[in-house]
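Take a look at the structure set out below.
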Amino acid sequence: MMPVRGGYAGDTARKVSFEAPRKFTTVFKSHLKETFFPDDPFYDFKGKSLPVKAKKAIQYFVPIFQWLPNYKAKLFLYDLLAGITIASLAIPQGISYAKLANIPPVIGLYSSFVPPLIYAVFGSSKYLAVGTVASSSLIIAATISTKVNPTENPQLYLNLVFTATLISGLIELVLGVFRLGILVDFLSHSTITGFMGGTALIICLHQLKGIFGLKHFTPHTDVISVIRAIFQNRKEIIWESTLIGAIFLIFLQLARFVKQKKPKLFWVSAIAPMFVVIIGCVLAYVWHAEKHGIAIVGELKKGINPPSLKNIDFDRKYIAAPLQAGFITALVALAEGIAIGRSFAILQNEQIDGNKEMIAFGLMNIVGSLTSCYLTTGPFSKTAVNYNAGCKTQMANVVMSLCMMLTLLFLAPLFSYTPLVALSAIIMSAMLGLIEYDKAYHLFKTDKFDFIICMAAFLGVAFISMDVGLMLSVGLALVRALLYIARPTSSKLCNILDTSLYRDVEQYPGATDIAKTVIVQIGSPIYFANAGYMRERVLRCVRDEKANRLQGDDVEYVLLDLGGVSSIDMTGVETLVEIRKTLEAKYIKVVLVNPRLEVMEKLIVTNFIEKIGKERVYLSIEDAIEGCKFSLSHERYL
């Protein structure tokens, strides 16, 4: 009996497929689909008539047409309550974060009116609540203030903020349209955790200016500069402001503590910022706070968003700052918004489309930049309140938007008495919840490299700058990814006694060797970056086996398990040729096991299969071992 192709004698059913390689266009289309459409979003279109396809296309690209026709009156009661609740949080947050971005407070209110309406039309998450966020506000302030002083030239500064928002929206839209969400994936969980923690820390320190009532402060964001500014201006500290700020901060933290202990009382934490603003306004009005050195927000004009197209400024002298701010805030806002949307969708066993979310974020920031709004995304605090308030659909964002419209039309002047110390307390309380010590500790206990990536972002943001911290962390994450590519996993497999299983000998030390055979499992694509390492790894494994085996059990076959090799380039093929030549010079035969389709196609077109012989390619390790045994016995017989 002779070995059969791709199996062993007597087994004609289990053969390796040596079909002709697919056409380039077929492979290219397959790769494009897997790269840009891994979720197969148009699966439901198959086999449908043209009108049905058109309807589904509209529903896919404009999600409101998917949920609104089935919207029921009883759902509105839930969305109404949720919308009003998040509006009560949006008002103080909008004013606070606008001050953090060094822009007029009314811009923060505008930003909770138009963008939520756009998201309700194009967004796919039922629970995401749209609004401004502290991290993006500080990034915008820190970046644009390097070019234009917001105090000396407030109008130009505001124009550049709108420009940065437009650029951020365009980047988000392009990423969504071309389904390039893979770029956002470079912001790993560790990076986001460290970046948000570092940003929260410097925001908290910056709010000490409002808590202490300081008139002079530093424009820099690093910890050292902020602490130095506090000590240098310590004579400006107003004890009344400090006392009021401390009371407000303690109250807000107690409200958060109540929510953590009793989740059903989430509304206590939700309305606490609004309560602080109202109390602060009343105290400022009755007590004449400005006479005691406590600054207030100042004039807030009534009226809805004026158009701001004329404010967009692409002057070459200043454009570098909006470009930098737009790019960074686009990635950070996308990573934060999509992660939060997915987190709350998972709680209900639902999914959201990340690419549609990017399109929705892009459109709402583009439209927002043209209607006097600055950058918005899906903040965690508002989304958590929206979810806990029982929202059922995106209608909650519509309700919030209408509440903000009424506020802008009738109530805005009432908030002009809001003391800045109250806003500082609100921001500081919100930021304290973003420093996630438990997650950092968990990273330290489970993955030291991830912890280093996290701390690089945290310390870089806190002690250098936000963009440097972000780049440091992303750079380390890329180094780690390159290490995975350049030094892929490979392992020697042995047989687990009395079974047909073959497993890594390091994981199962009791596994037994196979006579005259070494099995090496390769667990990654073979590219130019790792081909040399892979060659040395295989040859070293064979060398060690020859040295450790007993006399009479010389290695005669090396089985390369390629089941985990998803692709191979020409350098990889040449590496296999070198391995074969080197081993055959030592009278050791190379056998391939379970090469995948793309790998097999490359080996066929490069004539490697022809050189090695089809009888040296097997479907499984078990088939290969039986084939090798048969060849050994046949050679002895001859």
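Every residue gets a Cβ built from N, Cα and C, even glycine.
Among the residue ranges 186-205, 526-545, 586-605, the one that TrEMBL annotates as transmembrane segment is 186-205. Scored by C-beta pairs under 8 angstroms, the transmembrane segment (318-338) has its highest count with 117-144, from the stretches 117-144, 237-254, 449-479. Counting Cβ pairs closer than 8 Å to the transmembrane segment (237-254), the top stretch among 75-97, 117-144, 420-437, 449-479 is 420-437. Against the transmembrane segment (358-375), the recorded stretches 117-144, 186-205, 420-437 differ in Cβ pairs under 8 Å, and the greatest number is found for 117-144. For the transmembrane segment (75-97), the most Cβ-contacting stretch among 156-180, 186-205, 420-437, 449-479 is 420-437 (pairs under 8 Å). Pairs of Cβ atoms less than 8 Å apart link the transmembrane segment (395-414) most often to 117-144, out of 117-144, 156-180, 186-205, 420-437. Among the stretches 156-180, 186-205, 266-287, 420-437, 449-479, the one making the largest number of Cβ pairs under 8 Å with the transmembrane segment (117-144) is 186-205.
Two recorded stretches are said to be in contact when at least 3 C-beta pairs lie under 8 angstroms, sequence spacing 6 or more; the transmembrane segment (420-437) and the transmembrane segment (266-287) meet this definition.
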